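Worksheet for the structure shown next.
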Amino acid sequence: MMSATSLLVMNGPNLSRLGKREPEVYGSLTLDEINRGIAVAFPEVSFEFFQSEHEGALIEKLFEIEGRGGFSGVVLNAGALTHYSIALRDAISAVTMPVVEVHLSNVHKREEFRHKSVISAVCIGVIAGFGVESYHLGVRALLGRGNR
């Protein structure tokens, strides 16, 4: 049976290092463990998970899934690209699917350069600071859009 809702969960640079990189900031779970937890928490959703260290690969993936059709939205942790990637911002603007920006840490409690997001204005919302739950809240936000 085909799932009624398909979502892309997309992660940017350095998120492949979760579980090893600054666990006091990002937690001790690996990205694979986070992805498995998302899939278990939302069995009614068909997920595609994607991570790249490269800006262009994230942009290509957004365009690819829109071209394929059938996706209801994107949960995006763009990592450091959040703060400077105009190209990613433009790609988010170019797709018709809703995108939720998520961050494991509360970026506003961290270094000043992390306080500015160039992608927030083209996302439907931003969730930050709840650890792994940030991803779950992002999924819930996208699923709830059908009830509005």
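Quick reminder: no glycine exception, Cβ is built from N, Cα and C everywhere.
Taken from Swiss-Prot, the feature active site, proton acceptor covers Y26. Annotation comment: Swiss-Prot describes H103 as active site, proton donor. Taken from Swiss-Prot, the feature substrate binding site applies to N77, H83, D90, L104, S105, R114, supported by sequence analysis. Residues or ranges marked as site 'Transition state stabilizer' by Swiss-Prot: R21.
Structure coloured by features recorded in Swiss-Prot.
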residue: R21; record: site 'Transition state stabilizer'; contacts (Cβ under 8 Å, 6+ apart): N14
residue: N77; record: substrate binding site; contacts (Cβ under 8 Å, 6+ apart): M10, N11, G12, L15, E101, V102, H103, L104, S134, Y135
residue: D90; record: substrate binding site; contacts (Cβ under 8 Å, 6+ apart): none
